[in-house]
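Noted in TrEMBL for the protein shown:
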type	residues	note
TRANSMEM	12-30	transmembrane segment
TRANSMEM	36-53	transmembrane segment
TRANSMEM	65-85	transmembrane segment
TRANSMEM	91-109	transmembrane segment
Amino acid sequence: MISLTDSQKIGIGLTGFGVFFLFFGMILFFDKALLAIGNILFVVGLAFVIGLERTFRFFFQKHKLKASSFFLGGICVVLIGWPILGVLLEFYGFFLLFRGFFPVVVGFIRRIPVLGYLLNLPFISGVSE
């Protein structure tokens, strides 16, 4: 079992609450207050989980500057008060930041019994590869 420090446990909780608030804010027709709280909790939780220095190194690598600017710019746009545009910018930045990680996630999900069966269906397997 993986041992976590107390700050990493706090970070996992903050990230989880951040994802919850983002999801809940989108369900409630892009409520800007919930989206802003979710964004702040997500980024702070990420910093707690992987550390402040590694968070800065992750977001400000030279080849990830475009993705980071879209993601962090989307957060700023949500905080300013334009939630739909901000969320769209965040999604695009998130996709660019983590596009190298998506095949790993899909490979892991393929090993889960029910979800793996669904991902191996002919019309879905072409999209998920």
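Glycine is treated like the rest: Cβ placed from N, Cα and C.
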Worksheet item: Where among 12-30, 65-85, 91-109 do we find the most Cβ pairs under 8 Å to the transmembrane segment (36-53)?
Response: 12-30
Discussion item. Are there residues at least six beyond either end of the transmembrane segment (65-85) with Cβ under 8 Å to its Cβ atoms? List them, or say none.
Written reply: 25, 30-32, 35-36, 39, 43, 59, 91-94, 96-97
